[in-house]
Amino acid sequence: MPRGSRSRTSRMAPPASRAPQMRAAPRPAPVAQPPAAAPPSAVGSSAAAPRQPGLMAQMATTAAGVAVGSAVGHTQGHAVTGGFSGGSNAEPARPDIAYQEPQGTQPAQQQQPCFYGIKQFLECAQNQGDIKLCEDFSKVLKQCRLAKGLA
């Protein structure tokens, strides 16, 4: 029976010890649960962190695509409008340059103003994608040519 008494005392002791543990366990359990909940949110935020750069990368790619598309669209638009409106203005200016170069025997005073106008117009046409931006240079060149009798 000594065994029985031991087991009874041990049986009696654990329920007594379990009761305080149960009372103590609920108090630390709520405190322990928020930190346990925080690591999953930390894991969730670390999992969300790679997703956000992915979103930003997609946005950057979209913005780059828009920029490239805009540049291509502007270039095509300038090619179409330059082909219709600028083709007639740019071609007569080139023969004038070829025409003025052989006239190097004439006085420089007659040749210089129109040559400078042609030079400005051609530089504008080469530097600008849209020939319409060079209309002022074209007008000055036409006036010079009319004044000099080159038209």
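Glycine too: its Cβ is placed from the backbone N, Cα and C atoms.
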If you consult Swiss-Prot, the disulfide counterpart of Cys114 among Cys134, Cys144 turns out to be Cys144
What whole-number Å value do you get for the CA-CA distance of Cys144 (disulfide bond) and Cys134 (disulfide bond)?
16
DSSP-derived helix, strand and coil totals, residue by residue, for the domain 'CHCH' (111-151):
35 helix, 0 strand, 6 coil
Counting only residues 6+ apart in the same chain, whose Cβ is under 8 Å from the Cβ of Cys124 (disulfide bond)?
Leu133, Cys134, Phe137
